[in-house]
Each structure stands twice: as structure tokens, then as C-alpha cells.
Amino acid sequence: MNTLFIALILVQCAVLIYLVYKRQGRFLIVFPALLFISALYTWIGWRFFSFSVDMPFDFLRHARADNVEKAIIYFIVCAGAFALGSLLVRDNSAARAGTELPNKLVVTLGNLGQMQLLATAAIWFVVFIPSYGLDNLLQRTLYRPEFAFQIGMVIASIVLPFSSLAIGLLRNRFVRMALLIAAMLIIVATSSRSSLVLIAFYLIGTFMRKGRIVKTELAVFAFLALWLSAFALESRHLPVQGIMPNFLALLAWFDIDAVVYTINYILSFSVGVLTYAIEMPYHLVNVVPYSLSPLPSFLYSIPVTFDNLIGTAPYSAMAILYNESYWGGVVFFFVCGFLIAVMERYSYQRNFFLWVIISSFIFVFTILCVQYQLRSAARLVYYMMFFSALYTFGMPVIRKMFFTERIGHV
């Protein structure tokens with residue numbers, strides 16, 4: 001009975017995603033499509049075969065069948081809710097945005113000062129290496145050592161997207177690839193999953209520099225990001241970690257099993273995290289208001305262990321919403337689908353650069369929802385709203401000031 005029910009809602013969800021693709025454009029389908037593919041891949045690989053159960057922490061290997069099915073169903077329901085919310089927004093022409101880019105903007109980006117871009121790219125290296133500690137980068141015995149400068153690590157995490165974007169915008173191929181490889185090696189040495197951020201914003205910079213999407217390059221870098229992220233979870237258990245130990249382990253880790261493991265990491269692993277949360281629920285008072293609040297974290301007393309409830313990984317946004325408020329989570333994704341669709345449509349009609357920011361945030365929002373805390377995902381929605389509001393209310397003021405200044409000179 002559950003098999004037939006899951007098959008029926010998968011078909012219904014696929015229809016909704018297709019409608020979103022036809023009406024709203026390709027970027028808005030990223031969230032519902034990933035959840036749909038994760039649910040479908042996990043269900044087939046777990047119910048009929050066994051290829052989707054090989055993942056970090058082996059969540060599905062010993063889980064109860066009904067709990068796995070509950071997790072799969074929740075993924076499908078949330079994907080459908082997001083799709084329904086986005087379908088409430090009026091049709092627009094964003095579907096052509098991937099191929100029809102304003103030539104004027106592409107030319108402007110191509111003429112950006114390369115020294116300024118190089119300096120922006122170097123900021124992350126300058127801040128991160130002293131803050132993390134060179135000795136810790138070369139060799140350590142702990143996954144998370146004592147940082148030389150804690151505040152520097154916070155600044156480095158904020159700077160990373162901008163430096164990654166600047167690397168992608170560099171025209172010199174040798175310099176661009178050298179900086180990208182150096183950043184990857186450092187991230188691999190730290191056993192961090194920040195490679196997702198690095199590669200995502202590097203691809204956005206490449207997209208803005210070329211004015212088009214190279215599908216082969218996108219596929220290669222997408223797989224590389226997932227492979228490095230999957231390896232990061234494994235490397236955290238190495239007895240000795242650092243640049244050379246992690247790099248050598250990474251080379252030895254690359255085989256067909258690692259390829260399947262990487263695919264499972266981004267698809268079935270997220271379903272596995274939710275399955276684990278269903279079997280081993282962990283409740284915190286006011287965790288949903290805390291996660292959805294735009295206020296700073298220091299105003300709340302949430303245990304630090306909340307970020308590492310599953311070994312070295314946190315409860316995902318999906319897991320938190322399932323345990324704390326099942327239908328509240330469905331409503332949350334419905335509202336997010338509507339708000340994000342409104343901002344995507346508005347930004348495409350008003351300003352291409354704003355549209356690039358909103359579209360890139362959709363990708364990051366998707367990853368945060370399935371593998372990171374709810375607070376991180378909610379904050380990203382607030383960032384989208386902030387940038388949209390900043391453009392809406394700030395641009396008229398800037399234009400007025402600029403126009404008044406020019407009139408004064410005349």
C-alpha cells in the first residue's frame with residue numbers, strides 16, 4: 001500500500017515541478033527538483049535495490065522501513081508545497097534567463113579591473129590561513145582544533161563567497177585555476193564542506209564573465225563539489241589530518257565506490273538524516289522560533305551541541321521541521337516558494353545583477369535545507385528579502401542623488 005501511495009505522490013509532485021519549469025523558469029525548480037530526485041533515488045535504491053544505502057553514518061542500512069517511507073513522503077510533500085507556492089506567482093519570462101543575458105552587463109564585467117579582482121580573491125587566503133593556524137593546516141590530530149583567531153574564522157566564512165566570485169571573474173586562466181586549486185587544497189585540509197560554497201560562487205563568477213552556462217563545466221564542477229563534500233565527512237575521522245594527509249587520502253578514496261558514495265551523499269544522505277531524526281528525535285524548546293528569527297544568535301541560549309547532534313553533522317532543516325512541526329514545515333516551504341518566486345520575478349524584471357544574486361541564493365538555500373540547520377536556511381531567505389528591499393528603496397535614492405549632482409554641475 002505504501003509503495004502505491006509513494007508512487008502516486010511522486011507522479012503528482014513531478015507534474016507540479018514540470019508546471020514550475022514551464023511557467024517560472026529553470027532556477028526555481030532547483031529546490032523541488034532536488035527533493036523530488038532525492039526521494040525518488042532513495043526510494044528506488046532502498047526499496048528495490050541497495051545502491052542508495054551506502055552513505056555517511058549508514059542511516060538507512062538498519063532503519064525501520066516505515067520510518068524511511070515517512071522521510072521519503074515528507075520530502076515529496078515539501079517539494080510539492082514549494083512548487084505550489086511558486087506557482088501562485090504570475091508567469092514571467094525567466095525561463096530564458098540562462099541564455100539571454102544583457103550584453104551590456106557582460107561587457108562591463110569583462111572590463112572589471114583584474115588587480116581589484118585579484119585583491120578580492122586574496123582576501124580570503126590572507127584572513128583564513130592566520131586565523132586557522134598554519135600548523136593546523138599542515139598537520140593536526142583533531143578535526144576542529146583550537147583556532148588562532150576565532151573572529152578571523154567568522155570573517156573568513158563571510159568573505160569566502162566574494163573571493164570565490166572574484167576568482168571566477170578573473171580572465172587569466174593560469175591565475176584563476178591556481179587560486180581555485182589552492183583554495184580547494186586548503187578546504188580539503190580542513191575537512192570542511194565549504195567546497196560547496198567555493199565552487200558554487202566560482203561557477204557564478206564564470207557564468208557572469210562568459211555570459212553563458214557551459215553545461216560540461218557545470219556538470220564537472222558540480223560533481224567535484226559533491227565529491228569533496230562527501231570526502232570531508234570521511235576525512236574528519238582520520239588520525240592525522242592536514243594538507244598532505246587529507247590530499248593523499250583523497251587520492252586513495254577515488255574509486256567507483258566513492259563515486260556512488262558521493263551521489264548518495266547529496267541525494268539519499270539527506271533522506272537518511274531525516275530518517276535518523278524520526279527514529280532518534282531530539283527536541284529543543286523554542287528551536288523553531290529561534291531558527292526562524294532574524295535576531296542575532298547571542299540573544300538565545302541554544303546548546304552548542306545542537307550543531308553536532310549526528311556525529312559531526314547537524315540536524316537538517318527538514319529534520320527539525322518534521323520533529324517540531326510537521327505541517328508547519330509544509331507551510332514554511334509553501335511560503336518560501338511564494339516569496340522566492342516573487343523576488344526572482346521582480347529581480348529579473350528590474351536588475352540582472354540582483355537576479356544573479358537571488359538565483360544563486362536559491363541554490364544555496366536548497367543545500368542548506370537538506371543538510372544544514374533551519375536557521376541557516378531561514379537567514380538566507382532574509383538575505384534575499386534584504387537585497388530586494390535594498391534595491392527597491394535604495395536605488396531611487398541613489399538615482400536621485402546622482403541626478404541632482406549632475407544637474408548641479410550643469
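Glycine is no exception: its Cβ is also placed from the backbone N, Cα and C atoms.
In TrEMBL this protein carries:
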type	residues	note
TRANSMEM	6-21	transmembrane segment
TRANSMEM	28-51	transmembrane segment
TRANSMEM	71-89	transmembrane segment
TRANSMEM	101-127	transmembrane segment
TRANSMEM	147-170	transmembrane segment
TRANSMEM	177-204	transmembrane segment
TRANSMEM	216-235	transmembrane segment
TRANSMEM	247-278	transmembrane segment
TRANSMEM	325-343	transmembrane segment
TRANSMEM	352-374	transmembrane segment
TRANSMEM	380-398	transmembrane segment
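Remote same-chain residues near the transmembrane segment (6-21) are listed as 28-29, 32-33, 36, 39-40, 43, 69, 72-73, 76-77, 79-80, 83-84, 86-87, 95 (criterion: CB distance under 8 Å, separation of at least six residues from the stretch ends). Per-stretch counts of Cβ pairs under 8 Å to the transmembrane segment (352-374) identify 28-51 as the leading one among 28-51, 71-89, 147-170. If you look at the transmembrane segment (28-51), the same-chain residues 6 or more away from its ends with a CB under 8 A from one of its CBs are 3, 6, 10, 13-14, 16-17, 20-21, 60, 68, 72-73, 75-76, 78-80, 82-83, 86, 94, 260, 263-264, 266-268, 270-272, 333, 337, 340-341, 344, 362-363, 365-366, 369-370. Non-local neighbours of the transmembrane segment (380-398) in the same chain are 294, 336, 339-340, 343, 346-347, 350-351, 354, 357-358, 361, 364-365, 368; each lies 6+ residues outside the stretch with a CB under 8 Å from one of its CB atoms. Here the listed stretches are 71-89, 147-170, 177-204, 247-278, and the one with the most C-beta pairs under 8 angstroms to the transmembrane segment (325-343) is 71-89.
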